[in-house]
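For Glu59, Pro60, Asn61, His65, Ile66, Gly67, His68, Ala69, Lys70, Ser71, Thr259, Arg294, Leu295, the entry in Swiss-Prot reads ATP binding site. The L-glutamine binding site annotation in Swiss-Prot covers Asp91, Tyr240 and rests on sequence analysis. Residues or ranges marked as motif ''HIGH' region' by Swiss-Prot on the basis of sequence analysis: 58-68. What Swiss-Prot records for 301-305 is motif ''KMSKS' region'.
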Amino acid sequence: MTHAPTPPAASNFLRPIIEDDLQANRFQGKLWAGKPGPAALQAQGQPDPARIRTRFPPEPNGYLHIGHAKSICVNFGLARDYGGVCHLRFDDTNPEKEEQEYVDAIIEAVHWLGFDWQADGNDNLYFASDYFEFMYEFAEALVQAGHAYVDEQSAEEIRASRGTLTEPGTDSPWRDRPADESLLRLREMRDGKHPDGSLVLRARIDMASPNINLRDPVMYRVRHATHHRTGNAWCIYPMYSWAHPVEDALEGITHSICTLEFEDQRPFYDWILARLAELGKLARPLPHQYEFARLNLTYVVTSKRKLLQLVREGYVDGWDDPRMPTLFGLRRRGYTPSSIRLFCDRTAVSKSDSRIDYSLLEQAVRDDLDPVAPRSVAVLDPLKLVITNHPEGRSETCSAPRNPHDPQAGVREFPFTRELWIEQDDFREEPPKKYFRLFPGNTVRLKYGYVVRCTGFTKDESGKVVEVQAEYLPDTKSGTPGADSVKVKGNITWVSAAHAVPAQVHLYDRLFADAHPDGGDKDFLACLNPNSKQTVQAWLEPGIEAVPGATWQFERLGYFTVDSKDSRPEAPVLNRIVTLRDSWQAA
C-alpha cells in the first residue's frame, strides 16, 4: 500500500518544494489508471492514491555504486516521507550496452539497500522499452504537427551546424521538408530500410537558441541492434533526452529528480511535455524536473569506464571487490544497508557540487555497528606469550560482555591458558616514552584476565622476538574481589594459543592514496594505494561462528565481517570493514 506520511529525517532543498506543491494542491485531480499510459488511458483512472510519485531510473549497463545509493535514498526517501510512491524504472534505450545481468543486479542492490517499489497493488517496476510504441506514436504526432523532422545529414554535419556558445547554429537543409515527407522517412527508419547513422529524427525548436540543447536536438537514431528485452523488434531507438520526459509523464511522475548534469536539458524536457500535452497525448499535471548535486567522495572513482578498467586489468578482484565503491563491493566489505542510508541522510541534498570526505562514510558504518556488533578478540600479528608460573595443561574461564551497550546480550566465555597469543605491537624490547604495554619488567593487565609482569623474551637467529615470558599475579583476575589491587597503566588483548581459531583476515583500506584520483589530467591508476589490501593469518577468540555476513567488533582493532565469497567453515576468511577510529594516512 501507499506509504503513510512520516516526519522527514533531514532537510534538503527539495522538501520545501514538495511541501509547497502539496499545500497548493498542485496534484489535485490527478488520475492514475493503475499502470503507465497516455492521457486517454489515465482519463479512465481513479484519483491517484500516491500524494507524489518519484522514480529511480538506472540504465542497466553496470553495477550500482555509492553515488547511485544517494539517488536511491533521495527518491525513495521523499516518496516515503510524503505519502508517495517511488518507481524503479530501467532506462533501457541503449541496446548495445545493456544486459539482463545488470537488471537483476540492480533489483538485488535496491532491495538490499532496504527499498521496495510495490504499492497499492502495483509492482511499479517499469522499463523504458515498455514504452517504445508510445514513444514512436508520439514522434509521429510531433512530425505531423510540424514539431519534428527527419534529417539526412551525417552526425559530423549536424555537429558542425549546431554552432557554439557564442554563435547560433545553422538550419539543416532538411529542416523545412514537408511533414508527410518526414513522416514517410520516419516510417522507413522504423521498418529498417536505412542503415545506422543515415537518418535521425530531430525536434524543430530554435537553431539560434542560447541553449545549445534546444537547437533541434536529436530524438531518434537508426541502430540495428538486438535489445535484451525486445530482441530485434526495433531498429530505431530514442535518445535519452527524448525518452526521459515521456517516461516520466506516462508513469505520472510528479517530481523527476536528476543530477546537475541534466539541468541544461530541462528546457527540452519541458518543451517535449508541453507539445505532447497540447496534442492530447499526455495527461496533466505534467512532471517537473529538479536537479541536485551528485554524490562525490574523496579517494573514490565512480566512472563506469574507470571501474571497468580496474576490473578488466586485474587491479581489483571483480565488481564486488571489498575495495570497490559498488554496492556489492560495500556489502561484501561489511557495510550494512542501514549504514549506507545513514551516510546518505547525513550528506546534504543541494544544488552545489562538492566532495564528501571518505571518512564520513567510514564513520557512518562505525555509528551503525557500534550499538549492535558483538565484541570479540582477534590477534592479527601474533606473538607468543608464555605465563611461566601458570600450570601447563590448566585452563581457566574468563568472561566479558558480548556488547557493553546491550546488557541483554549477556556474556561470552573464553579460556585462559599458559600459552597465549598477543599482538606484536604490544611488546617492546626497548619501549619509547609513554609506552605502557609489555616490556621487560613492566606490568600490564591481560584484558578480562590477570595482571602479568614481563620477565623475559626470546629471539630467533635473525634477532626477531618470537616469544615473551611473563608471570601472572593470581589474585588479580578481572571480576574477582581484589582484582584492582594492583594498578597498571596498560591493557592488552589476547587469545589462548591452544584454543584460538585460525583465520585469514583481509585488512582493506582506501583503494586510492590520492584524495582526488580523477581530478584534472591525472592518471587515476597512478593514484592507487599499494596498501589497500593486506592479508594476514590471524587467531580469533574461540566460540566465534564464522558464518557469512556475521560481524564483530574486534576490541582495539575495528569492525570485521566474514567474507561472503571465500570463507569456509573449516577455513574462515574475514574482511576488515573499518578501523575503530579514523587513522588514515596517505601512502
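Heads up, the Cβ atoms here are built off N, Cα and C, so glycines get one too.
Where Swiss-Prot records a feature, it is marked here on the structure.
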residue : record                   : contacts (Cβ under 8 Å, 6+ apart)
Glu59   : ATP binding site         : Phe90, Asp91, Asp92, Thr93, Asn94, Lys97, Glu98
Asn61   : ATP binding site         : Asn94, Lys97, Glu98, Glu99, Tyr102, Lys304
Ile66   : ATP binding site         : Leu295, Leu297, Val300, Thr302, Pro325, Thr326, Leu327, Leu330, Ile340, Leu361
His68   : ATP binding site         : Pro58, Leu327
Lys70   : ATP binding site         : Arg294, Leu295, Cys344, Thr347
Tyr240  : L-glutamine binding site : Asp91, Thr93, Asn94
Thr259  : ATP binding site         : Ser71, Glu291, Phe292, Ala293, Arg294
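Through the fold, the motif ''KMSKS' region' (301-305) approaches residues 61-62, 65-67, 325, 512, 517-518, 524 of its own chain, all at least 6 residues removed from its boundaries and within a Cβ separation under 8 Å. The full span of the recorded ATP binding residues, Glu59, Pro60, Asn61, His65, Ile66, Gly67, His68, Ala69, Lys70, Ser71, Thr259, Arg294, Leu295, taken as their largest Cα to Cα distance, is 20 Å. Residues in the motif ''HIGH' region' (58-68) partition by DSSP class (helix H, G, I; strand E, B; coil) as 3 helix, 1 strand, 7 coil. There are 20 other Cβ atoms within 10 Å of the Cβ belonging to Asp91 (L-glutamine binding site).
According to DSSP, Asp91 (L-glutamine binding site) is assigned to coil rather than to any helix or strand.
The secondary structure of Thr259 (ATP binding site), as reduced to three states from DSSP, is extended strand. Here the motif ''KMSKS' region' (301-305) is broken down by DSSP into helix, strand and coil counts: 2 helix, 0 strand, 3 coil. As a whole-number mean, the pLDDT of the motif ''HIGH' region' (58-68) in this prediction is 96.
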